[in-house]
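S.K.: Questions regarding the structure given below will be posed in turn.
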Amino acid sequence: MSQGLRRLLPQLLTLLAVVVLVSLFFPGFLAVEMRDGRLVGSAVDVLKRGAPVAILAVGMTLVIATRGIDLSVGAVMAICGAASAWAISNEYGLVAALAVGLAAGLACGLWNGVLVAVFGIQPIVATLILMVAGRGVAQMITEGRILTFSHEGLAFFGAGDVFGVPTPILIWLGVGLAFGLLVRRTALGLLIEAIGINRPASALAGVNAQVLLIAVYIASGLCAAVAGIIVAADIRGADANNAGLWLELDAILAVVIGGTSLLGGRFSIVASLLGALIIQTIDTGILLAGFASEFNLVIKAGLVVIILVLQSPRISPSLAWLPGGRAPSASTTKTSKVTE
């Protein structure tokens, strides 16, 4: 077994266990069929509806790897979805609508990055500012109402398909592949990990931590923009009050399920994407079981507590033998490599 696959083993086994459990209660869960030229089924719904969280998890992975956090992604989704919906409803065209939405995400990410990297504000505080204010900005764009549109071109990104495969699935796979290649085929991934492990040491090694921190928050903002556009396109409208609501929790949970420590350092985008699929499978199972949607929040909060306990200094050393486990001396070893 290759080292990369071995690191993904915990997430793959967890996903398999969740899928098997849901399938036992709902035998048709894995059934997929072609209907009206499009793939349909609960498994397809998991892949499609998990797209926003999967895309958010990509950007969140990079941020958390630097020992940061981005609580604003849900609000940024609302802003960008509203911006694109506003542009398309005012007949600015598809390209302009997409550009406006992505530019809004870039601006939000730049704002967070400057607050964290330049002004030295704690990430949780810096992004909390936009998390609170972002909803208000989105409501200002939509003028306090659900802004609808009927443009088929924009709707394609949320409700369309390519050869039967729903567009959101292709988008999150493309985003994951693009960022995965970027951080693993270049030195960018190692530089991000170096900042998360020991920022002062990485600076001594010549790493421009300030620029990289701004870059990862911009990446998170752009991922939130893509997710926001997908959500708006899916419902053919922008709902500033509900778009992206609580999805920052799902994104963070997906990343930590993927094995990235909240203390920064080593990360895996593929593992985070698997974490997003695990969350969406659990959500779908709860929905099929007929439980109230609020029950999801209780389950996710419980998972967060369990994961934080497992990552705590008292527990994590005893789990170092597991695939993907984190040995007590891992950070020390990596820091010494950075300073060489």
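Cβ from N, Cα, C; glycine included.
Pulled the feature table from TrEMBL, pasting it below:
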- 12-34: transmembrane segment (TRANSMEM)
- 46-64: transmembrane segment (TRANSMEM)
- 71-88: transmembrane segment (TRANSMEM)
- 94-117: transmembrane segment (TRANSMEM)
- 124-142: transmembrane segment (TRANSMEM)
- 162-183: transmembrane segment (TRANSMEM)
- 204-231: transmembrane segment (TRANSMEM)
- 251-279: transmembrane segment (TRANSMEM)
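I'd like to know what surrounds each of these features in this structure.
M.R.: Below 8 angstroms of C-beta separation, residues 52, 56, 59-60, 94, 96-98, 100-105, 108-109, 112, 124, 127-135, 137-138, 141-142, 147-149, 151, 154, 220-221, 223-225, 227-229, 231-233, 237-241, 243-248, 251 of the same chain, each at least six residues beyond the ends of the transmembrane segment (71-88), sit close to that stretch.
Beyond the ends of the transmembrane segment (124-142), by six or more residues, the same chain brings 69-72, 74-76, 78-79, 81-83, 85-86, 108, 111-112, 115-116, 238-241, 243, 248 to within a C-beta distance below 8 angstroms of the stretch.
Here the transmembrane segment (204-231) has long-range neighbours at 51-53, 55-56, 58-60, 62-63, 65-66, 68, 70, 72-74, 76-81, 84, 98, 101-102, 104-110, 112-114, 116-118, 154, 157-158, 168, 171, 175, 179, 191-192, 194-195, 243-244, 247, 338-340, meaning same-chain residues at least 6 beyond its ends whose C-beta is under 8 angstroms from one of its own.
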S.K.: What residues elsewhere in the chain lie close to the transmembrane segment (46-64), defined as a C-beta under 8 angstroms and at least 6 residues from its ends?
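M.R.: Long-range Cβ neighbours of the transmembrane segment (46-64): 70, 73, 77, 123, 166, 168-169, 171-172, 175-176, 179, 183, 192, 196, 216-217, 219-224, 226-228, 230-231, 244, 247-248, 250-252, 254-256, 258, 260-262, 264, 267-269, 272-273, 275-277, 279-281, 283-284.
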